[in-house]
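Reading through the structure tokens given below for one structure.
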Amino acid sequence: MAPGLASTAALLLAAILGSLCLVALSEDVSFRDASISMLARAEELENLRFVRRAQDAPLVSRYNYIVIGGGTSGCPLAATLSEHSRVLLLERGGLPYRNMSNQQHFTDALADTSPASPAQRFISEDGVVNARARVLGGGSCLNAGFYTRASNDYVRAAGWDARLVNSSYRWVERALVFRPDVPPWQAALRDALLEAGVTPDNGFTFDHVTGTKIGGTIFDSSGQRHTAADFLRHARPGGLTVLLYATVSRILFRQQEGAPYPVAYGVVFADPLGVQHRVYLQDGGKNEVILSAGTLGSPQLLMLSGVGPQAHLEAHGIQVLVDQPMVGQGVADNPMNSVFIPSPVPVALSLVQVVGITRSGSFIEGVSGSEFGIPVFDGARRLARSFGLFSPQRTPQTGQLGTLPPKQRTPEALQRAAEAMRRLDRRAFRGGFILEKILGPVSSGHIELRSTDPRANPVVTFNYFQEKEDLDRCVHGIETIERVIQSQAFANFTYANASVESIFTDSANFPVNLLPRHANDSRTPEQYCRDTVMTIWHYHGGCQVGAVVDDDYRVFGVQRLRVIDSSTFKYSPGTNPQATVMMLGRYMGVKIQAERWRK
């Protein structure tokens, strides 16, 4: 390996990984052209007459359904319900596309308080840096774009109607899923996985099956991201209202004559000016409030509304409506570990396209970058060298400076980091990451309120690798990555004189989390898993089926309230959950409509 490249590459680990999942552009599309396309799509959403800012909403309004959270499940759910009902979709963030192409927007996120920021940074009690979506379209605006269904076993265990599940997946796929063009690095990873024993070769498929496959993507052939917000184009205009920058503070309940439990009848939300608005359900027993605020937001709002563990709510001065000790419990995040493999040749930019689904319960994926840089243009004129996806200006909340407290991520600190990057040997940016994520996981934690402020992230504990089964799966995954690196199929993208041990040591030596370091060269696979644990943004649970909601996603102990999002999952579906979260929104929208018209 070229002198100094290994240590330099290790220093890039957190920066590149954190940023790759926020914005991605095809290598053959200029940044200027991509920005124009994103702005055009943002303006298209703005021109939909049912999309408004919260401050333009009336102080009091009424709807058949109030959906809280315009994310990966909330958008397809609201679009489906609007076909025959009046629906209000409340989103605490702003529009996608425009924000994702605006460099100043990311700089505004430094203090983590701007309501325009699409990602709200948080650090779990485990010491792992994470991010929570705050944008119309939710996590689909920020992720790596990979699309793959849940397994048939997962669908059966969930008790879902397989025929409706398949039709709901197809509805999603027609709207925004594409077949990726596989560049040489990804093709080499696919062949290396097969050589390493992750067989059979399943080709291109959306299905979750053991072996190696190419999955779908929400990036189109020109490199443009599509998101769950695209589903809103299929809504009935007279049936849907979308309010942006609407922060819901609580769900309203009342005791209704003849009802055995408290009945949800509306919500309270604040606009960016601090004005409080009230939205009520129209009269009729089949009108409902639906929480789709995600793994952090849905249990948080239940607790803020008086539904949760009694002692915890009382400690925050919240009047207890229903003592529900399981709200906020069973929260899990699939741990991710990765290794950066420097390449002797340039590598094309790619996000996750290939996945190896092993029999041991670990999933292997990869991301690569064309020196992780995108040229910046002013008109037709190339301005300067840019580090694009992982430049510190673009992703302060989850990128290179993500482990620094917000107050330390000053413009001066960002400028120093950018200057340091410009001085680095260009060859250090060649290469890619091979990632390992485990099935499940078995280990889980909990969410608690930090305060009664709905804008504040709750306190989150995931308990990574608490259960030995999770650690064993990680070790199997790391051993598979070692075989991939040593394979003949991957030889063109590794330095001939680089040992597997040195590659892993370099990756392990960069602080990708806030955990104590174990500086040694004899690190076991188990220690590597613990030391280098990161998030892959697949956290779930907190309102699980059977504990907080029933099989129809109705909240136990109250009426006319459901939760429909990833917080209801016990385990993460498939290798990447966004396909199933989108499907669930459509699936439950169809079921709720059918219930509405059933006598």
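Every residue gets a Cβ built from N, Cα and C, even glycine.
Per TrEMBL, the disulphide partner of CYS529 among CYS141, CYS474 is CYS474.
If you look at the domain 'Glucose-methanol-choline oxidoreductase N-terminal' (294-308), the same-chain residues 6 or more away from its ends with a CB under 8 A from one of its CBs are 68-69, 71, 122, 132-133, 138-139, 248-253, 318-325, 327-328, 331, 447, 449, 452, 454, 457-458, 460, 539-543, 548, 555, 557-558, 563, 565-567.
Taking each of the binding-site residues THR72, SER73, GLN578 in turn and counting other Cβ atoms within 10 Å of its Cβ gives the largest count for SER73.
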